[in-house]
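Notes follow once the structure below has been shown.
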C-alpha cells in the first residue's frame, strides 16, 4: 500500500506560502478575497493532476471526488484555506494538503468501494466577518443567503457582496446545501494550535470534543474631551472603562481550566493622544468545552460591562456576532481512528479542541472525527506557526488506514 509522502506535503504547503503573504508578516488569505480564491484554484489543480473530478460551489467551497467501485456514501476529508490577518501557513491549510495526499494515495492504489470526497471550506476563520465556519455552515444549512447579507467586515462590506466580487453566486446559496445521507464519515486533520501534544510527547491527538465559542462586540460610549483641560473627576473615559472590563475578562476566565476568554480587537475613537477617548469598540471571544460554563461566563461578563459603565457614568451596548456550543464528536469514529493509530504504531492521546473547527458543524449531521498533529511550541494564528510535514504524513497514514477499515465494514 502507498504511504504518505512528506516531501509532497511540504511542496504543496510551500506553494500555498506564496499565496497571500502579507508585507507586515505572515499570511492574510481572508475569505472572499483574491488570495483565498487563488489558494482554492491551487487545491483544484493538485486534484486535477491526480485524476479527481473538481468543482467549486456557489459560496466558495471547493471539492474533489474520487469515484468508488460501489454505490455507497462518500468518505470525506478536508479543512479550510483562509487565514486570520497575518496568520500562519498551517492552520487549515495543513489539513487541506493532508486530505489531498489521502486522495493521491487512494487514487494510486485503485480507490475504495466508497467514493472519496476532498473539501476545502470557505471562510472557517471569523477574522473578516466575525462569524466562523461560513462555508461549512452554508453547506449544512446553518447559514443562509440572509446571513451573508447581514455579516459585514471592518469596511462595512457584506459577505454577500464580497462573495460576488470574487465571482461566486451567493444568490444561489441553496445550491451549496449538501445531502448528509450521501456522506458516511468525515475526518479532518488539523494542527493542534496548542502545546499539549508536545508537552506529553505524543505524535497525534484523537479529538473527543470541539469547544464552543461566543463572540460579542461591545461598544463603550463616553465623552471625548481635551486631555489637558478636563480634570480626572469629570472624565467619562471610554477606554478606561474598556480597560477595567478587560481586566475582569482575564480574572473570570482563570477560574476553570477549560475556560478561555479573550479581547482580541480594540478600536479607540477619536484616537488622539490629546483627547480623552470617547468611544471604544472591542471584540470578546468566550470559549469552553462545557456549554453551561460558556453561557454563564458570557452572561457574567456582559453584566460586568454594564456595572463598569454605570459606575463611570457612560453607556455600553453589546452585539452578538456568533454563538457556537461545544460539540462531542462521534465515539465510533474516535475508536476507528485510535485503532488505526495503534496499527500504525504511533503514540496518541484522546483530547479536546479548544479551537472551533468546521468539523463541529459537520458533526451535527454525519459521523465525524478529528486528528491533531503537533505544532511547534503550540504557536498558531501567527507567522511562526509550523508543523512538520513528517507529522502530517503520519496523520495521513492513520486516516487512510481508518478509511480502509470503514470501507471494509468497520462501523461508524
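Cβ coordinates come from backbone N, Cα and C, glycine included.
Annotations in TrEMBL come from automatic prediction, not curation.
Listed by TrEMBL as binding Zn(2+) 2 are 91, 125; the candidate from 381, 386, 391 that the record includes in that site is 381.
When the candidates 174, 190, 208, 226 are compared with the Zn(2+) 1 site entry in TrEMBL, which names 80, 91, the shared residue is 190.
The distance from the Cα of residue 190 (Zn(2+) 1 binding site) to the Cα of residue 125 (Zn(2+) 2 binding site) comes to 14 Å.
On the backbone, the CA of residue 125 (Zn(2+) 2 binding site) and the CA of residue 91 (Zn(2+) 1 binding site) stand 10 Å apart. Cβ neighbour count within 10 Å across all protein chains ranks 91 highest among the binding-site residues 91, 125. Cα separation, residue 80 (Zn(2+) 1 binding site) to residue 381 (Zn(2+) 2 binding site), rounded: 14 Å. Within the same chain, residues at least 6 positions away in sequence whose Cβ sits under 8 Å from that of residue 381 (Zn(2+) 2 binding site) are 84, 87, 88, 91, 193. Taking the centre of the Cβ atoms of 91, 125, 381 as the Zn(2+) 2 site, the nearby residues of that chain (Cβ within 8 Å, site residues left out) are 83, 84, 87, 88, 92, 124, 127, 193, 380. Those same-chain residues not listed among 80, 91, 190 yet with C-beta within 8 angstroms of the centroid of the Zn(2+) 1 site C-beta atoms are 79, 90, 92, 93, 94, 95, 96, 124, 191, 357.
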